[in-house]
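Undergrad: Annotation comment: TrEMBL describes B:Cys96, B:Cys99, B:Cys132, B:Cys135 as Zn(2+) binding site.
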Protein chains: 2
Amino acid sequence: MKDVIENKLKLRSVKPTAMRLLVLQCLMEQNRALSLNELEALFENADKSTIFRTLKTFQENYLVHRINDGSGAIKYALCDDDCICSLEDNHIHFLCTKCEKTYCLKDTPITTPNLPNGFRANFANYLIEGICSTCT
Amino acid sequence: MKDVIENKLKLRSVKPTAMRLLVLQCLMEQNRALSLNELEALFENADKSTIFRTLKTFQENYLVHRINDGSGAIKYALCDDDCICSLEDNHIHFLCTKCEKTYCLKDTPITTPNLPNGFRANFANYLIEGICSTCT
DNA sequence: CTAAACTTTGCAATGGCATTGCACTCCTTA
DNA sequence: TAAGGAGTGCAATGCCATTGCAAAGTTTAG
Ligand SMILES: [Mn+2]
Ligand SMILES: [Mn+2]
Ligand SMILES: [Zn+2]
Ligand SMILES: [Zn+2]
């Protein structure tokens, strides 16, 4: 288990510090997107800015992607191993308005529409709000 | 011109105060989504909280919809006259990363994907980032 | 092995934006 | 004409993201 986590870091050339291992493990265990505050709450004695910088490092090295779900706080979720956060890697995110949890719907790829003339797309953030399967 | 604006308000049963007429006119003239700060800057001597409450009233009466474009500030844009801000009224928004302007792509309706079992959609926010036609 | 150089962490600000309390003004109505 | 209600301005407040700085930990050259 710890090996899997360390490998994920090594794969992206990120040095495995204690904090990084913990945060990465957390993100792997929860299969959903977490906010900075949610992550902080899961640890008790870790500083928020350290977690913030951990996530920033992760993000810069394609270990996580950030999700703007309109909840006021940015959510972070694990990237796939081959993710480079390109337009092709973007996928739909779902925010349940009941349990307030945000999920990556990686099996539901984003279909980029035909844009008006002269518009070019680099990144897509497709967020669907509704009721999730456990809250139905 | 002023008639058109007043009619828009009457259509939604919103009393036409001076501020409301001004804000609505502003939103009609710019054909794009504006943030609270952008609107405030366009007026000089209007209070931000008044504009905020004006937009809130507009939003509650389907005169404007709010757009989360990840820029840090919520953007507001005019609704169509028959809009009730339902899932069917949701449309794609485009943020140009060069000029920082956000546009409603009302001609580019959102295709709601098939969600996993048990997930139900109520609202969609589909944001595309890229370069707009005037910045190309 | 040891000291300098670099990285990571913790703590305490800072800054931006949304939102609200309160008093004042303005408008409507009995 | 006075009372009630709606709209406005100003000044807070709160939340979240982000950063400066110094301490602690790690790596590397000598
Ligand atoms: Mn995701
Ligand atoms: Mn729009
Ligand atoms: Zn749920
Ligand atoms: Zn542009």
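Count begins at 1; order follows the chain as displayed.
Every residue, even glycine, has its Cβ placed from backbone N, Cα and C.
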Undergrad: Which of B:Cys99, B:Cys132, B:Cys135 (binding-site residues) reach within a Cβ distance of under 8 Å of chain A?
TA: B:Cys132
Undergrad: Please identify which of B:Cys96, B:Cys99, B:Cys135 has the densest Cβ environment, defined as other Cβ atoms within 10 Å, among these binding-site residues.
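TA: That would be B:Cys96, with the most Cβ atoms nearby.
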Undergrad: Looking at Cβ-Cβ distances, which residues of the chain lie under 8 angstroms from B:Cys132 (Zn(2+) binding site) while being 6 or more apart from it?
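TA: Correct list: B:Phe94, B:Cys96, B:Lys98, B:Cys99, B:Lys101, B:Tyr103.
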Undergrad: Taking the centroid of the Cβ atoms of B:Cys96, B:Cys99, B:Cys132, B:Cys135 (Zn(2+) site), which other same-chain residues have Cβ within 8 Å of it?
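TA: After dropping the recorded site residues, what remains is B:Thr97, B:Lys98, B:Glu100, B:Lys101, B:Ile131, B:Ser133, B:Thr134, B:Thr136.
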Undergrad: With respect to ligand 1, which members of the binding-site residues B:Cys96, B:Cys99, B:Cys132, B:Cys135 satisfy a Cβ distance under 6 angstroms to one of its atoms?
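TA: The qualifying binding-site residues: none of them.
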Undergrad: Would you mind pulling the DSSP three-state label for B:Cys96 (Zn(2+) binding site)?
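TA: Where B:Cys96 (Zn(2+) binding site) sits, the three-state DSSP reduction gives strand.
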